[in-house]
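Engineer: Here's a structure for you.
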Amino acid sequence: MAATMEASSVKPHVGKKKKPPKRYWDSSTEDNEQHTKKSSQDGESDFNEENVKETQESQNADDGQAYSISGSQDPFPGDAPIPEEKLKKFRRVEKSKGTSGLRSKLKEAIKRSEVESELAQKQAARFDLLLPEDAGFLEGDEGEDTCTISQDDIADAVDITSGAKYFNLHLSQFGPYRLDYSRAGRHLLLGGKQGHVTCIEWQTKNLMSEINVMETVNDVKWLHNEDMFAVAQKKWLHIYDSKGVELHCIRKFNDVLRMQFLPYHFLLATASATGFLQYLDVSVGKEVTAINAKLGRLSVMTQNPQNAIIHLGHPNGIVSLWSPNQKEPLVKMLCHQGAVRSVAVDKTGTYMVTSGLDKKLKVYDIRAFQPLQSYFLPAGASCLSLSHRGLLAAATGDIVQVYRDVWGTPVTKPYMAHRVRGGVSGLTYCPHEDVLGVGHSGGFTSMIVPGAGEPNFDAMDVNPLGTQKQKREWEVKALLEKIQPELICLDPTQLGKVDRASWQQRHEERVKALGYDPLAQDKFTPRMRKKGRSSSGAVEKRKKKVAHEDQRDVIRKTVEEKMEKEKEQKEKKVAAVGAKGQRSALDRFKK
Amino acid sequence: MKVKVLSRNPDDYVRETTRDIHRVPRNYDPTLHPFEVPREYTRALNATKLERVFAKPFVGSLDGHKDGINCMAKHSKSLSTLLSGACDGEVKLWNLTKRECFRTVPAHEGFVRGIVSRFCGTSFFTVGDDKTIKQWKMEPPGYGEQEEPMSTILGRAVFTGIDHHQTGETFATCGQTVDIWDEQRTSPIRSFSWGVDSFSCVRYNPVETELLASCASDRSIVLYDMREATPLKKVIMKLRSNTLCWNPMEAYYLTCSCEDYNLYTYDMRVLDQPVTVHMDHVSAVLDVDYSPTGREFVSASFDKTIRIFPKDSGHSREVYHTKRMQHVICVRWSADNKYILSGSDEMNIRLWKANASEKLGVLTPRERMTRDYNQKLREKFQHHPQVRRIARHRHLPHDIYKQRRELREMKDARRRKYVQPSFPFSCHCFPCPSG
């Protein structure tokens, strides 16, 4: 598709002898072409078609349009068109359907807010076209599978800085390793089972600290920034700073196996061998809740980044969803026939991928709680991880496989594959980078996975290249905006919606308080009439005429229905008799 | 093999020199910004709390009067000038920016009942208990000159209020009758009465400039047209109203402060029922003044507080009080919509901010943006119980708090007794007897 379009746009330039003077819109069309090329490689060809068509149309339909100062016609009159797909991406709310029953003031307010949100949506979509970076990609030659391309080949083919992102750390002594990247993606935390904990600025290979806690390490996790990390050790949960100094030993959290950090809530969720799911508020250092899951040892845990719900995998094949506000799971899903080995949720909070001891890999839609795909992996996946752009990394033994688009069409071949030096124990994508970190018994491997990371970061959210001052300011802002744990629920947009049930409740309360229903219809009061026709008797008579008017309607209706039914039955009977033929007088003696 | 891997050049993301501003690349993709609503809610909650923290409405007080302040008037041209009349017959002119008195006029014997600035701002009129109307120059007299009125009119009875026409050379006074005066004459060009003994307040309509409204002591509000010989309409209420004020933007609405602790907003065209009843005061309401935008008004009460009401809301959005402020007799909203001035029994004029948490002075663009953003957030989440609770909370003096509770209980008891839905009061509208 892209190739044909390129050809068509190149042709006219070849045949011409002299180029017309370059105008400002020429560069814009070139940009457009470039853009189409790039994004078509991403597989968004339909949008390009639209875009090109629209620009052509606008070129043709320029009669009767505004003229520029120099006198020539504007070749692109009006606003630049915005592709529908981009608009859809930024759509927050559906347009209200009917406002007919509403008060005019409310109607106005709804209309105004709709106009505003539409403008915001358009502006965001327009800005989206101007984003500077494009996502990475990997394409094989004719007949070449991308999964056969080795990491060394990729590292050779790309520039030096990117090539340096493929490296191995041989740490065979204290493995297998668990790992975690900081939110900005600059720092790497490694924790070996035998007690080796180290944090590295992995791009510069700068070692920040290295300690041995002389105890089993079950999991490691960065807290909200790269100044502090939590280590789940044999007995307690410990907090260290980036220099490796122990800050806290939290004795309320014992036998922790897995941890998740909820960055917007400043909560550290831990799952322990004793079957407890606990939440620690790291901004104030208090335990928020401790929930006994009552489903055995909790060694599989992940979070939904869109609504901060914790997903736990259990030995009986159940995946349960938890919020700190409820002692019972929000949802329990039976996903596998054996134990659940690993769970991953994608960045948009739409899909959940699970793998179990039954060697299956399943994809679920967790908004509708429905299975989408089920794959059979001969060796079964021990670790799963989903990248920002939806690449699934699955570790089977010592092989790491990366799949693309597992929830769409059924996938047969992996996108990439790589063998590491030992059994994989930790698998995490680096945020904002095309890098997959693999912790295994032989140390750590940083893999290049083109197309994994989100190319354009938002500096107001996380800034990997921020200065010290910006980071400090961010920390203060983030703490001010800390979301309370009570607000964690399945649908985070619920807070912005109208609570209809409570309106009803309020109305009832109002009726109770007032002693009457202010919205009810008025009682009928007969009009005053002269000439003695408003005597109390006459008034009563008139009142009786309209008394139980509404009830009468109902009664009338039911009676009519009844009559109709009877009529129908009668007709049926007559028809049945008619079918038998004429009744004779002797029929009554028949048996 | 074709391959591209993300590799960012730091030069594109970091500022070039230390004198440059920081680069902040944005990406508005919703998946990069999870928890939009809860985060906004948290921000709104913080904004609401900060608003309450910064709510320091009292700006300053002007002291110098030797008796209680009985009336005040805004200068019609100058924002920084205020005129006030006291119970000892003294009129003071204040410079609000310096917060000092620049002129004192011993105007009347007994109370100064009313004071008004002429529309051109060169002179002002006062009426007093000594049955005189005096016109004074706005400029102070030169060195060695006597403080003397430009003109003095001796009336037949005590005048209780005065208001000047918007553009013409006429003014209206009230006392035993409502009189229309020409500035050049010493007798009224027109006198209105409707079987009433006295009036307490008269106000010109700011838009239909020939229209007048007055409060009478027989519990009525009477409307007049200056061009006609007889009054237009009147409405009789349950209790007497003290003052009234026209809405300057929608000048068919008038609000009157009533002795029954409430304020009533009437539509001039339909006087049968008030448009809104504004409740919250716990004692008689003595004065009312609209903001120049016509969206809010301020009321002064005998219960030692002043309250700010949105024009169509039944309850106040703000209440101001201090330990030392006594019965507030008069109140004015400044012409720049930013300040409120209140004159009270204990000889002080107080200057308040109209918006309690507003930051005074010049705002930087970033400050302005933050303010606007926070305001929008507060507006968006105003109905959430947590936000509303914080936004509505006001500290009240103990006796006012107690009286409010008492009043509420009385009202509830009355409601329980008469379950039938009925309007809380009754009034009668009369057309003019003569047509």
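The backbone N, Cα and C atoms fix where each Cβ goes, and this holds for glycine too.
So TrEMBL has the following annotated:
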type: REGION; residues: A:1-105; note: region 'Disordered'
type: COMPBIAS; residues: A:13-22; note: compositional bias 'Basic residues'
type: COMPBIAS; residues: A:32-41; note: compositional bias 'Basic and acidic residues'
type: COMPBIAS; residues: A:57-73; note: compositional bias 'Polar residues'
type: COMPBIAS; residues: A:83-97; note: compositional bias 'Basic and acidic residues'
type: REPEAT; residues: A:333-374; note: repeat 'WD'
type: DOMAIN; residues: A:414-492; note: domain 'BING4 C-terminal'
type: REGION; residues: A:526-591; note: region 'Disordered'
type: COMPBIAS; residues: A:547-574; note: compositional bias 'Basic and acidic residues'
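Describe the structural context of these features.
Structural biologist: For the compositional bias 'Basic and acidic residues' (A:83-97), residue counts in helix, strand and coil come to 6 helix, 0 strand, 9 coil, using DSSP.
Tertiary neighbourhood of the repeat 'WD' (A:333-374): same-chain residues 300-307, 311-321, 380-386, 388, 390, 392, 394, 406-407, 410, selected by CB-CB distance under 8 Å and a gap of 6+ residues from either end.
Counting residues per DSSP class in helix, strand and coil order gives 17 helix, 22 strand, 40 coil for the domain 'BING4 C-terminal' (A:414-492).
Note on the compositional bias 'Basic and acidic residues' (A:547-574): residues 524 of its chain, located 6 or more positions outside it, place their CB under 8 angstroms from a CB of the stretch.
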Engineer: What is the number of residues in the region 'Disordered' (A:526-591) that are helix, strand and coil, as DSSP sees it?
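Structural biologist: DSSP classes over the region 'Disordered' (A:526-591) add up to 48 helix, 0 strand, 18 coil.
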Engineer: Take the repeat 'WD' (A:333-374) and average the pLDDT across it for me.
Structural biologist: 94
Engineer: What are the DSSP helix/strand/coil residue counts across the repeat 'WD' (A:333-374)?
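Structural biologist: Within the repeat 'WD' (A:333-374) the tally stands at 0 helix, 25 strand, 17 coil.
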